[in-house]
Amino acid sequence: FVSSQVEILDWETKKQLCFLDKVEPNATIREIRLMFHKLYPRWYPARQSIKLDPKGKSLRDEEILQHLPVGTTATLYFKDLGPQIGWTTVFLIEYTGPLFIYFVFYFRMTFVYGLDERFTSSPHPVVNLACICHSFHYIKRLIETVFVHRFSRGTMPLRNIVKNCLYYWGFAAWLAYYINHPLYTPPSYGKKQINFAVIMFLLCEAGNFSIHVALSDLRRNGSKTCKIPYPTKNPFTWLFFFVSCPNYTYEVGTWISFTIMTQCVPVGLFTLLCFIQMTVWAKDKHCTYLREFKDYPSHRMPIIPFLL
């Protein structure tokens with residue numbers, strides 16, 4: 001075979017950082033990252049973004065040099081992504097916070113609501129139920145993080161963890177403050193409204209878990225290659241017939257049901273923000289599927305069947 005040469009430039013200054021000689025044509029981007037790492041130990045592979053074009057997308061680890069539109073001398077561009085943190089660690093931090101923050105308000109710590117005896121217990125059973133559901137949701141997320149999720153990308157920038165924690169932890173405190181407040185009023189339609197919401201909540205949680213398992217099964221052999229997800233024998237996965245990201249559909253459904261259960265304005269606002277963010281993620285994933293697969297089911301929508 002004819003060996004290749006790889007020139008790696010800084011994506012901003014276009015200054016040459018290294019010149020790799022006698023690189024095998026079937027070398028992967030991951031192998032090139034490791035070669036670059038030997039020359040620059042502080043830029044470990046997860047911190048590297050390797051591109052064909054300075055403003056283009058990062059190349060995937062599994063892409064092969066000879067399959068790229070380059071000659072015998074390939075010019076690649078390096079961008080420092082900054083310090084990285086593993087996704088498993090990210091999710092464990094993000095989801096553990098809301099779980100414990102909620103209890104601070106549920107147990108009515110004196111520094112939150114004061115020392116008045118009326119404030120030490122709640123007359124409304126729905127407050128206890130809301131705590132159970134909120135805790136269940138985040139415990140489920142933690143279990144999925146450890147035992148179910150398989151990540152196509154191993155890390156994210158460390159700086160993002162602060163922003164993510166402010167979002168999850170901050171909203172958990174805001175919701176908990178009002179739901180557990182001594183002046184909290186229960187839902188207008190009483191038990192009927194609460195029972196309907198609990199059933200909806202449990203169905204959406206079961207659906208979300210089922211989708212995560214189905215997506216995990218696509219990567220069971222450790223592959224990071226994008227694949228089209230299809231419905232399985234599990235009825236909760238049949239939503240794949242209509243949407244590309246039913247995990248987000250079920251997640252939004254979970255928070256809608258929690259809003260109905262608690263009839264609390266902050267929960268409704270949090271649900272709205274969740275829906276907006278997850279719609280953005282779903283649209284991006286949907287576009288990726290359409291771009292990657294010519295035979296992708298044309299009737300699927302990103303997040304809401306037949307609409308969005």
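Heads up, the Cβ atoms here are built off N, Cα and C, so glycines get one too.
What TrEMBL says about this one:
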DOMAIN    5-80  domain 'TECR-like N-terminal'
TRANSMEM  85-107  transmembrane segment
DOMAIN    155-308  domain '3-oxo-5-alpha-steroid 4-dehydrogenase C-terminal'
TRANSMEM  166-184  transmembrane segment
TRANSMEM  196-215  transmembrane segment
TRANSMEM  235-250  transmembrane segment
TRANSMEM  256-276  transmembrane segment
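Beyond the ends of the transmembrane segment (235-250), by six or more residues, the same chain brings 204-208, 210-212, 214-215, 229, 278-279, 281-282, 285-286, 289, 297, 299-306 to within a C-beta distance below 8 angstroms of the stretch.
On the 0 to 100 pLDDT scale, the domain '3-oxo-5-alpha-steroid 4-dehydrogenase C-terminal' (155-308) averages 94 in this prediction.
Tertiary proximity for the transmembrane segment (166-184) is limited to same-chain residues at least six positions away from its ends with a CB under 8 Å from its CB atoms, namely 94-95, 97-98, 101-102, 104-106, 108, 112-113, 116, 118-119, 122, 124, 127, 130-131, 134, 262, 264-267, 270.
Residues of the same chain lying 6 or more positions beyond the ends of the transmembrane segment (256-276) and with a Cβ under 8 Å from any Cβ of it are 126, 129-130, 133-134, 137, 171, 174-175, 177-179, 184-188, 193-194, 196-198, 200-201, 204. Residues 129, 133, 136-137, 140, 144, 148-150, 187, 229, 232, 234, 236-237, 239-240, 246-247, 249-251, 253-254, 256-258, 260-261 of the same chain sit 6 or more residues outside the transmembrane segment (196-215) yet have a Cβ under 8 Å from a Cβ within it.
With helix defined as DSSP H, G or I and strand as E or B, the domain 'TECR-like N-terminal' (5-80) counts 17 helix, 29 strand, 30 coil.
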